[in-house]
Amino acid sequence: MPRPQYQHPYRYDRGPDANFQTENAYQGAIPTHPPFRKPGTVINRGETGVVNRRPSNNNKSQDYVDVINPNEVNPKNTWVPSTSPRSAAGSWPPPFPTTDTDADYIFEYEDGEPVTLEPENVLYAHDKRRKNKAECGKGDFYCSPETCVSNTAVCDGRRDCQNGKDETQCQEYLSKFKLSKNSQLNVLEDQRWINISQATCALLCVRSSKFECRSFNYRKIDRTCFLSNLNVGLTGALREYYPFDYYELKTASIDCSMMFKCNNAKCVTNHQLCDGYGDCDEREDEKNCRPEDFGYSIKLAGAGKTNEGRVEVTAFGKTGYVCDDQFGIKDANVICRELGFQLGAADIKGNSYYATDVKENNTLYMLDDLDCIGNETTLLDCNFPGWGIHNCRDQEIAGVVCKTPQEKCGKAAWRCDSGNECVPYSFVCDGLFDCTDDSDEASHHCDAPTELRLANGTSNREGRVEIKRHGIWGSVCDDDFNEDAAKVVCRYFGFSGTSIVKKEAYFGPGDGPIWLDQVSCLGNETELRYCTQWNWGEHNCDHSEDVGVVCSNQVEEVQLQRHSKLTTTVPVTSCGYRKDNQFLDDDLVHRRVAALRIKGKAQQSHHWCGAVILSQNWVLTAAHCLLGYAKGAYMIVAGEYNTDEEEGTEQTKYIEEYFIHDNFTEGDRVMKNDIALVKVKGTGFLLNADVQPICLPESDADYERQSNCTISGFGSVKTGNSGYSHNLMAAWIPMIRADICRMPHVYDTAMSEGMICAGFLNGGVDSCLFTLYGITSWGHRCGLANKPGVYVKVAHYRKWIDETMRDN
C-alpha cells in the first residue's frame, strides 16, 4: 500500500525520528478555527530540511515539505492521497517574507479540525511511537525501564506510553511559570512548536538543551508554542495581545530591586545609567542625570546677544548643534530657562538663521527630534533619540530668542499681568500660554465683553472709533468703512440721526492693535462686530488710516461731507521709456504691466486681472475686473514676471479708491465702456527699471489697420479653460479695421464706438504698448478663427481718464 500524501502545500521532513513543522504564511491573521496539524511539529532557527516539489492545478510548481512519518502505517489524522508525481526541487526555505534573516519561515492554513485529547480506549493506536530500550536515546522519555517515547510525545494530550506515564504530572511543569494572560513578549522566538498543549510547551522549555529557555508565548487559537531565551526583565517587550498567553520561567525572572526598572519593566544595571545610551524605550535611564556625568553644557552663539542665537550643546567631549526638526516653542522654553532666562522663549529660528558662519559639510548635530514637555529644567530631561543620532543636513541648525524683562512693550505688543514681559497682540487668547504667568490666556481677558468708544474727539458725539477685545483697546481701519457702518457705531452710543465717516486718522492715529479692517455693514446691526469684516487683527493698514465718526440726533444738523486729503498726481514725463536690452531678453514683455490679484484670508492671493501703470499712483484696468469683491480684497502687483516665484522686483500696493466709468454696462455677451481707474494707497509705486508708466494716446489717435501692436500680460495662452499664464507673456498682433470687426461672421453689431479688435482672423494669438491703445475687454474664446480679441479703445476715453485723475 503506497504511503498517502498530506494535502497541505508546505511540509517539512527531518527523517523517521524527526520533529515536524507545517504552517502557511501567517502574516498576523488569526485563523477562524484551530487548524489540524500533526502534534509535536517543530522547527529550530538555522536548521534546514528536505524540500520536494509538486505541480499545482495552474501548472506552476509549488515547494512543500513532507511531514509524513514513514513509520506510521495508519496515521490517526485524515490524509488525502495525491496522484501527482514528486521530484526533487530547490533548497529550504522557499521565498516567503520574514522580518529577520535568521527567522523561521512559517506557513499557516485554516482548514482541518481541532485536535482533541484521545480517549483511553485508543491506548494502543500509537504503539509505533514507542521504542524498545535498545532504540532509546539520551533525549527520550522512559515509560518504563524497557520502553521510551520521544520528548515531543510527553504532555501532548495523547497517551503514548502504555501506562500513560507521558501524560502525568504535566501541570507540574506549568507551575514553574508565571502566567500573563492575553499578552505576548514581542520578540523573535528561538524555537516554534506546532499543535501542542501549554503543558508540553512548558516541558520543552524546561528541558531545552539547545538554548537557555526563559519564557514562551502560547497562541491559544491554534495551539502553537514559541520558545524564547528572553523575558520581560531583559527586554521590557511585553504587550497586551489577545491571541496569546505569556509564560515566564520563575527561576529565570530578573529581580529589579537592586537595579533600575524602566517604565516597560525592563531591568537596567546601575552602570548603564547616565552613560549616554538609552537602554529604556523612553530613555528614562538617561534622565535626572547630572551635567558632569556627560560633560554637558549649553550656550547660544552667532547673534552677538546673550539672549538669542543658535543652540550649541557640548557632551562627551564634543560640541554640536540642535537640529530644527520638530523643534518648537516648548523646547525653546526649556533651553532659555536652563540658560537663566526665566521668562522662557520669545521666538524660535530654524534653517540655520544664526549659523551663517558655520561651514557647510562641517555640521555636527548632537540632538535631533527634541521633544520637551516644557516644564523640564534641562534638555537632559527631554526626550530625543540619542546623542548624535539625527537625519539632518546643513542649514537645519535651531536657534532661539529668549525673553528678557521689559520696562516698555513695543507698539505691536501686549504686557503680561506680571508686568515685565511682553507678547504680540496676536498671542493673546489664542489658546497657547505665552506669558510666564499665563495671563495671556486668563479668563478675565479672554471672556471680557467687546466694547466701543469714541476717542480724541471734542465731544461725546465724535472721535476715533476704538473697539475693546480681550481687554485691549484697538482701532478700526477706514478701508470700505461706509456710512452704514458709522450708523451702527452711532446707534451703539444712542445717536439715531445723521452719521458721518471721518477717514485717514481725522481724530489722530491710535497706538494699539488695529482690530478690524474691511468692515461692511448693512446698517441694521446692533454692534460693529456683527458686520462683515476680515478676521480679528487681520488688516493691511497702519494707524494713519484709523477711522472716526461724527454722530448726531438731528438728520439736518450736519452736512454730508467727507474728509479727504487726496492729492493730484503730477503727470509722468518719462512714459513709454524702453528698457536697455541688458535687462530684457524679450523686449516684447513690458514692465508697464501690473497684475490685479485677489487677497485670500490666509495671506494668499491669486491672479484676477491685468492692469497697466499710468503713474506712481494710478493704474488702468477693465471695469469688469472690479466686480464681485470688496475694495480691500484687491492687491496690485507690479514688477512681477513669474507668479510662482519671488524675484525681488515685485511691488505690492492696495487700493485707495477706484473709479468705474459711469456708463459701464455688462451684458450677456459684450461689455460697453469697460474701463476703470484705480488709485493706489500711500506714496504709490517706485518707478525703476522693472516698474515703468505707459503713455496714453491722444483722443484723436488714428487706429490704422496696418499698425502692429504688442499685447502683454498673464492672460490665457490657449482656448478652453486653461487658466492664466504664470509668466508675463507678450506677442505681436495687428489691429483690425472697425468695418471688418463689425462683419456678421466676426462680431456684427456687438462692436460699439469705444471698442477696437486686434489679432488674426485665421486664428492664433489675440490677447492672452509703449503707448496704450487698448485694454483687453472680451472676446469669444482665445485665438479662434474670425474671433479676434476685443479691446477698450483707450483714445476714446482719454478725456475721462484725464478728468478723473485731475479731480481725485
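The backbone N, Cα and C atoms fix where each Cβ goes, and this holds for glycine too.
No curator has checked TrEMBL annotations; they are predicted automatically.
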Inset, instruction - Write down the single range among 1-20, 181-200, 701-720 that appears in TrEMBL as region 'Disordered'. - result: 1-20
Inset, instruction - Determine, on the basis of TrEMBL, the cysteine among C161, C170, C201 paired with C143 in a disulphide. - result: C161
Inset, instruction - Could you identify, going by TrEMBL, the member of C256, C274, C280 that forms a disulphide bond with C262? - result: C280
Inset, instruction - Please name the cysteine among C477, C490, C609, C625 that TrEMBL pairs with C551 through a disulfide bond. - result: C490
Inset, instruction - Determine, on the basis of TrEMBL, the cysteine among C148, C170 paired with C155 in a disulphide. - result: C170
Legend entry - For C155 (disulfide bond), the one of C161, C262, C274, C382 that lies nearest, given that the disulfide-bonded residues are compared by Cα: C161
Legend entry - Counts by DSSP class (helix H/G/I, strand E/B, coil) across the domain 'SRCR' (298-403): 13 helix, 37 strand, 56 coil
Inset, instruction - Just give me the nearest neighbour of C531 (disulfide bond) among the disulfide-bonded residues C136, C490, C541, Cα to Cα. - result: C490
Legend entry - For C531 (disulfide bond): DSSP state (helix, strand, coil): coil
Legend entry - Cα-Cα distance linking C289 (disulfide bond) and C382 (disulfide bond), given in Å to the nearest integer: 11
Legend entry - Neighbouring C-beta atoms (10 Å sphere around the C-beta of C289 (disulfide bond)): 17
Inset, instruction - With DSSP as the reference, give the number of residues of the domain 'Apple' (170-251) in helix, strand and coil. - result: 20 helix, 30 strand, 32 coil
Inset, instruction - Run through the domain 'SRCR' (452-552) and tell me, per DSSP, how many residues are helix, strand and coil. - result: 16 helix, 32 strand, 53 coil
